[in-house]
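Below you'll find the structure, written out as structure tokens, and then a few comments.
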């Protein structure tokens, strides 16, 4: 990704000149203020007078001030530098050294290498040029001539260093011109894009190009003087070799730039460490350390995770020591399920670590059994575990990650979002609705982890025009988050819980069947949540007069169309998997299609592959391992039979209502993925044990309700992202109460849609 101009300015500016560059940040703040001001309706005489200011003249005035500052500083530095250069070049031209200059031994032909030995060795080199005749003269005469020669040699070294310094100074002037020219061009381009004007070409031709610093004659003169320094250096040091002189001086310049940038980095890192140290001092206030028998324990013992791990480990060991079931494999499996569920729920250790712990415990405790109920050997158990960990669903997940990486890396998803939103008009209610549907649509293909982050960046032009605390801004932020949760149901790759659901369906649902259920549920759910938001966050008068997102997307290239083609092809193959089953065997094989077609030509790189959400892969592997383990040892059937006895006599719809509400509550307090890992295998088994077995219906509804749990700021990644969003002043857009007061009703509304509409369609298509 390209570095932002503000960062480029920070790391390329001459430190001593920092205050004399174009103030890009101030111009950008003015631009956003003018944008916000242009969208405000007049309110009284004061506001009307404020509105009378046309954005273009106001911005032009600020540009003129910055341009004057930059040009004035440049002219001052130009005069000083050129005077020094003239004097230096005259001195070099007048310098008369005995003998012809030759290539100095200490000067490397590699311009990137600079040795301090070059200066000291120069004296040795020039001493050797005196010739044998000098050495044959009297000793005192030789000494006098050597002293005379040393004077010339040291002067030559001094001139060489001055030429290097002058070359660096002239190039700093050149860089000063380039950086400021780029700054003015970028801020003008941003001004035109934000306000829909065309100031860039006019201001560039009529003002910028007529200013001394940016005149072509000024730049030509600067280039001429740089070339003159190169020639003088070549004559003085390199026997007139200007090509080698240019390369050598560029090497010195690179070293200077690297040193300056390293200094900037060190300063910034020092400031950051100082800031962190201040924060640490505040957080780590003096406290009494825990003591046992008078011995102070390490500070790590004050970490709550230590106590969570200790408690969970104790429960796990007690369950192993005192079996609660007659079958030893089942009892051991029960201990693993309880321990893993507690670790997932409390996050005492990272979720993926718990998932990787499950296969280890399953093998060590001999949980899998054969057809006769006998525990498998360690070798057989490990073969069983590894055969289950890499399932076809994992390959589908990798294929989904590949599509998401390509759509995000080449800004295709963002371009599509901007294109849609740019046509949504200026009605605040319509904008919120469109944003929510776009969020859900993106979740289908790039997951509900990436979609909200992308949408918030797209919505920034809207958000920054609204006053702090505006209800419409809250509706935008919350609407994207809630719609992303709902969008987590939309496709099999939209969220991890859907992957876990597919793992617990036999046979797996096809993409066509999934869409036939999820799309009506998502459309109706988002519409109801939108109504809730517009009723509880009515748009203010400021929002009613706001602008809209402009479509400035670059034209698509062949690569963009190729990625879209691969995406459509992959989805079509997934939807037609049942028809192509005699060729590919399983939907998982089709997951290799986007991987091969996008990584093969180099559109995606190894770095992109490394950036996949491998923690999600580990979660899915751990979940499927635990599910197969409890199924193999018979624990799942035992528990399901006991629960089925309690719900015997209830209809399938009644079970959906009861278990659906239970899952909604559980998933509100723990991760959606964790809830799916714990609950879906059990729900599947209960469905199989019912008089009228429909396990796939229960699993599908349960997976949807995991995504529907969005009552709290911590309920799912989209909510976590939303609660962290702040405006340009660092003020959070949402409070916890904003989430609770809208999240709970939204969860209930989606629950009703899922258990009514989702259940009805599931039964209608024959699940």
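Just so it is clear, glycine is given a Cβ too, placed from its N, Cα and C backbone atoms.
TrEMBL assigns the feature transmembrane segment to residues 389-410, out of the candidate ranges 279-300, 389-410. Looking at 582-600, 715-733, the range annotated in TrEMBL as transmembrane segment turns out to be 582-600. Of the candidate ranges 238-270, 337-369, TrEMBL annotates residues 337-369 with the feature transmembrane segment. The list of residues near the transmembrane segment (612-630) in space but at least 6 beyond its ends in sequence, with Cβ under 8 angstroms from a Cβ of it, reads 333, 336-337, 340, 350-352, 354-359, 362, 367-368, 384-385, 388-391, 393-394, 397-398, 401, 405, 449, 496, 499-500, 503-504, 636, 673, 676-677, 680-681. Across 305-325, 389-410, 430-456, 582-600, 650-683, the stretch most heavily in contact with the transmembrane segment (558-576), judged by Cβ pairs under 8 Å, is 582-600. Sequence-remote contacts of a segment are chain residues at least 6 beyond its ends whose Cβ falls under 8 Å from one of its Cβ atoms, and for the transmembrane segment (430-456) they are 400, 403-404, 407-408, 413-414, 417, 420-421, 424, 462, 472, 475-477, 479-488, 490-491, 493-495, 522, 526-527, 529-530, 533-534, 548, 567, 613, 707, 716-718, 721-722, 725. If you look at the transmembrane segment (582-600) against the transmembrane segment (305-325), you find fewer than three C-beta pairs under 8 angstroms, all six or more positions apart, and that falls short of contact. Mean per-residue pLDDT, taken over the domain 'SPX' (3-205), amounts to 71.
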